[in-house]
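Colleague: The transmembrane segment feature in TrEMBL is assigned to 6-24, 29-47, 74-91, 103-122, 142-160.
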Amino acid sequence: MFTSRIFITTGFFASLFFIQEIIFNQIHFLIGGFSIYLAIVMTWIAMESRNGALISGFIAGFFLDLSPNIASPFGQWALVLTVMAYLVSVNREGLGDLVSRPLTLSLVVGLGVTITLVTYLITSAILGEQLISFFPALQELTGNLIWTLILAPLYIPIVGKFHEFTLSSRDI
């Protein structure tokens, strides 16, 4: 990932973070919550090369660490999203070109977001944070997966076009 793409990615994730905090955190979704930020970040990571995915995961996690709504140790989200970016980028290579297979990309993004949230809960438990009980957490995870899959046809093409726009001639 070139330096110019790092700045573009940082600006994109910052804008997306503000949209998540200002708009989507105010909407009460049925069943559970929905994070457009995590869904779009996972989509972006699934379209990146391995190095670009790691950098994107770290940048996205840094912005989530800045969230005033999350009371977790600083750096926890950066760690979780960097690890998930690595796992998604390694497994993406075995799945081939996900951009030409939108159903597979939707499933990868949905499962990636859900596994990211489960990993965050596990690291929170390891760090000794106060967690909610099992069934409300399961309801939130299920709701997030359902909403991520339902809204995938709306955000995946937009993210794909923007990601393609940010690529230079060397990246294609």
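Glycine residues also receive a Cβ, built from the backbone N, Cα and C atoms like all the rest.
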Colleague: Mind checking which residues of the chain, 6+ beyond the ends of the transmembrane segment (74-91), have their Cβ under 8 Å from one of its Cβ atoms?
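Modeller: Distant contacts of the transmembrane segment (74-91): 41-42, 45-46, 48-50, 53-54, 56-58, 60-62, 64-65, 108, 112, 115-116, 119-120, 123-124, 127.
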Colleague: Would you kindly list the residues that approach the transmembrane segment (29-47) from elsewhere in its chain, counting only those six or more residues past its ends and only Cβ-Cβ distances under 8 Å?
Modeller: 9, 12-13, 16-17, 19-20, 53, 56-57, 60, 63-64, 81, 84-85, 88-89, 92, 98-99, 105, 108-109, 112-113, 116-117, 139-144, 146-148, 151-152, 155-156, 159-160, 163
Colleague: Should anything in the same chain at least six residues away from the transmembrane segment (142-160) have a Cβ under 8 Å from its Cβ atoms, list it; otherwise answer none.
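Modeller: The answer is 29-36, 38-40, 43-44, 47, 99, 102, 105-107, 109-111, 113-114, 117.
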Colleague: Quick test of the contact rule: Cβ under 8 Å, at least six residues beyond the ends. What residues does that give for the transmembrane segment (6-24)?
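Modeller: Same-chain contacts beyond the ends: 34-37, 40-41, 44, 55-56, 59-60, 63-64, 66-69, 162, 166.
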